[in-house]
Every structure is written in structure tokens, then in C-alpha cells.
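J.: Provided herewith is a single structure, encoded as C-alpha cells, for subsequent inquiry.
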Amino acid sequence: MSAGLLPPAGAATIASWLARWPAIALFVTGVILLGMERPGRRGVGPLAVLAALALVIVAAPAGHPAWAALAGGLLVATLARDPRDPLDAECALKLLWVIGPALALSWAGLALLTLATGTPVAREQWAVLELGLDPRFLWNTALPLALLAGLVMLGGAPFHFWVADLLQGARPWIGAAGVVALQTCGAAWISQRLDGIVAFPAGRQVVSDEIGFAAIAAFGAGAATLLVQRRPERRVGTLASLNGGLVLAWFASGQPLDPVSFALWAGHLALALAGASTLARFMPTFVGQAPGPPLFRRHPWSGIAGLYALA
């Protein structure tokens, strides 16, 4: 279904309706898993966090880019609040270490584009850059930087490790909701940056090259990782990374996602992770949470190298 056949208000209404029910299903699943926790871990606070993450999933397609930072900050704060659980704290540190620099670099890229064009609106930026008044190296550097946060939050290789580590190390009630919220924010980040880029063919080519490489890396590394994974919850994380690769393959065409397609993708992701992450906890090969901290059990230096290489 294409939003181009519908008026903007109708497309937004359909998209909101399509994304609402999977987000509610993910919220209900989280509440059920929260009810299985020890009494000291329950309360109004975790319920409010689940509700906020569900709201992010519904509203991300039309949300401001700052929503990505708010969702990441909420997730990090929730994971780090319980000093009795070192695994949650390790996951919080991993997210802060990965997403924090990515957001900082992307905001720097957005600032450069605004400085070069005199406007923060994406469609107006492409029209100004098409005039050819600005040095190519300036926007050629700023544009990949501006997209970096979206690539990281979608969880494609070489940034795929945070998805599996979050699903393995975090408490079951928040793992899937956190992954879906961040991946949805990542897709919204890139989609909003690509709005109207067809008016700037040179920039569209740069985007296609960068995101096309990221999509190929996501599929290749995801498929290879899936073959060697033994823990079921890490396999779910790898599948979530591959789902991020699917939307990257779409973005490689240089086109943003229309609201209805975005809602269908986000809804599928929410339902798939809600079911798969819950089922993984009851698999015969599931042995409980990881005995060691996920941050130092695996070496994510490839992620740091990829962060600056893609920049």
C-alpha cells in the first residue's frame, strides 16, 4: 500500500492505526513478563517505562529527531537504576557507549548541513545544495554523518552487537520493547533525512552508496552470525538486526518510507520480537541470563571501527 494514493491526513491516520495495535501487543507482553519478576522489581515505574516505549513506537514516524535521544536516554536510565543487577548496568553502559557518540556525530552533521544551507529543513537543504554554491567536501562529509545515528539504532553490522546483548542481558520485560523502540527511531531518523532528496541527485547517490554498503554488511554479517549463535535470545537479536537490514535496503534507493509502509514494518517488528523473545525464554537450550557481563564477554571494537569508517 502506498501513502502516495492517499491524502497526507488519511495516510497518517492509517499509519497510526496500524502501528498502535502491535505496540499495544508489545506492551501487554512486557506487562506479563514484568508480572513474572520478583515483587521488588515490579511497580508503577516499569509500567510507565513500557507505556513510554510503546508511545515511541507509535509516534516515531512523525516524531522529532530528538525522540531518538529521549528513547535512548529513557532506556539507559531504566537499565542503570537497579545496582543489584550488574547485567542491566552493563547493557546500559553498552547503549550509552554506542548510541551517545553516534547521536553526537549525527548532530554535528546536521549542524554542518544547516550551516552550509542556512535552513534546518531537509527539503530546503537539498534545493540549496543543488544550486552548487557550497563546496562538495562540506556536504559530502556532513550527509553521511547526519545519517549515522539511524544506522546505529537500526542495529545493522558492524553495530549489530548491541541488539543481541540487550535481548540477552536486560530483563525480559524491557528487552524487546527497548530494541523495537530504538530501531523504530533509527528508521524514522533516516527517513526524515531523506525527505525530498530526489531533488538533489548527487546527494542521493552518496546516500545510496553509504546505505547500500550498510545493508549488504547487515545481511552478510547477520547471516554469518546466525549460523554460529547458540543462545536463542541472541538469535532473536540477530533476526532483529536482519530486520533492520531490510529497511536499510529500502533506504538504499534514496527514498524515505511512506507512513503506511513505515507502520507496517514497525508493526511487524514489534509483533515478531514480542513473540520470539518471549518464546526464547522457554526454549530447552535457554539457560537463563548470561553468567558474565555482555560488554566484556565480546569485543565490540569492530563497532568503534565501523562507527568512524562509516562517518
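Here, residue 1 is simply the first one shown, and the rest follow in order.
Note that Cβ sites are derived from N, Cα and C of the backbone, with glycine treated the same way.
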J.: Which range, 164-181, 236-253, does TrEMBL list as transmembrane segment?
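T.: When 164-181, 236-253 are checked in TrEMBL, transmembrane segment belongs to 236-253.
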J.: With the transmembrane segment (43-60) as the reference, find which of 95-117, 137-161, 211-229, 236-253, 259-280 contributes the most Cβ pairs under 8 Å.
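T.: It is 259-280, which has the most Cβ pairs under 8 Å.
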J.: Quickly jot the same-chain residues contacting the transmembrane segment (95-117) by Cβ under 8 Å, restricted to those at least six beyond its ends, or write none.
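T.: Answer is 65, 68-69, 72, 75-76, 79, 124-125, 128-129, 134, 138-139, 141-153, 159, 162, 166, 182, 189, 300, 303, 307, 311.
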